[in-house]
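Worksheet for the structure shown next.
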């Protein structure tokens, strides 16, 4: 009978074995174990539990072989209460010292997401096998406690227990979660020494680790070793590309998945949407939205939230609103994503209106909601409204974070209330960080307050001494008041620290393709046409009465040199290229990696009117929508 059950290889055979079993009048524990083991092996967990309960009712005492199978079933069903009941019976029957039973208990608690209970059992073991160590390490790694998993791994090594490949998978996962690449590399070395580098699960873990830690080229080499990469590998690679500045590669890999008819999941889709948002192409964003609408994820709230964020970052808050309106079950994350989108585009009134609608819908705001609201008020000049919203946060039990304080400093500073902004900082209940002092320095540059700006810069240099942006901001402040000697000192300081200013560039999307330009760029095949268009534009601007904003120049130059530099800024080249490459009336969409200068901002407003074009520019801080000679920011930026 036992042999029949053990050799059952499919559902039909195990059912036949059960029928034979039922013919026995008084089966002994050996037969009960066989039928329970058979069900357990075939993942027929419900039947296994039923047989165990029948065994108890029949008065047959379980032995040390019964409990491991029953505990495996409890773990498979995530049946914690049943598992605890079995745990009690283990004590009652005197198997609390049996190493195999105790190993099974650890594994059961791990699968039921109870690493603390697993640890209690683990700590009581006098004889720990590799299985025991691996179970507890996996438990902590899989339940969001990577540091504890690594501490136990260290204890394991000190106990002279050599890890197997299963333990190494969990250890790699833990190092991935804490993004400790150096220690992860040492485990990789251990994998090679043990000859396990081609073990599929380890390949997946190594791919995930290197991808998450930014080593996407190394990760891709592991990915390519798999003849048929599974979904976890695809997700690790696409997510790694998307989160480490390789957005176009992420999109390319996602398209490859689709072409190969490989089934995606919600994680794949969200990583691809994140990549589309980073690329910034509205045409690509529309393609992604079309794909989602035809897929099973069209009503997935997490996917729709990502789509809202994508459209907002690709320049169309109106399309983001369409996604928001069609989302059925709006939670706080969906509402917040839309409010943040409005904030990014400086549509403060709409953000506040949505906030009120959110409350009427019975949804309680969270800290991200208020970041979006404060950003929207900041970009719209709604000082009074922003100030009131900040002080309402605690009404919802939300303690402001540094990001909220930085938004308020920016809000006050941009409105010219520099003294109030400084007082606000000095009265903060938490230590001001880089974002707070950076907001004050930015405001000082706008209003040319050198004394306060220097103080803010000193704080920044002490907190974050190797951030180029802080030195550039101070240099720009000095240049705006023509303190060229101090500009030179800042440059010397940067040189001493080995810092260099980021090169500014602008991207423009034409027919779904992105073209890049930097200041004075003549590398484009059509550069002669671009500069001819630029000259025509400058002539029309002068005829319309446009006056150069010479304070935008950060060097001590004569007027002719100043004019040439300002006219050849990267966004001006991108606009010229867009005008010669698209039909009249086409919207131009430009992304700039730095904040736009005052001169280009003013010129773009007038160009939009002279050329009858809408021009959407995303700079380092926000979106600007230029149309009919006006900008959506209302010159409040």
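Placed from the backbone N, Cα and C atoms, the Cβ positions cover glycine too.
Remember, TrEMBL labels are computer predictions, not curated facts.
Note that the structure is predicted; figures quoted are calculated from it, not measured.
According to TrEMBL:
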- 545-637: domain 'DYW' (DOMAIN)
- 28-62: repeat 'PPR' (REPEAT)
- 129-163: repeat 'PPR' (REPEAT)
- 230-264: repeat 'PPR' (REPEAT)
- 331-365: repeat 'PPR' (REPEAT)
- 366-400: repeat 'PPR' (REPEAT)
Stretch-averaged pLDDT - the repeat 'PPR' (230-264): 93
DSSP helix/strand/coil residue counts for the repeat 'PPR' (28-62): 26 helix, 0 strand, 9 coil
Counts by DSSP class (helix H/G/I, strand E/B, coil) across the repeat 'PPR' (366-400): 26 helix, 0 strand, 9 coil
Number of helical, extended and coil residues in the repeat 'PPR' (129-163), per DSSP: 26 helix, 0 strand, 9 coil
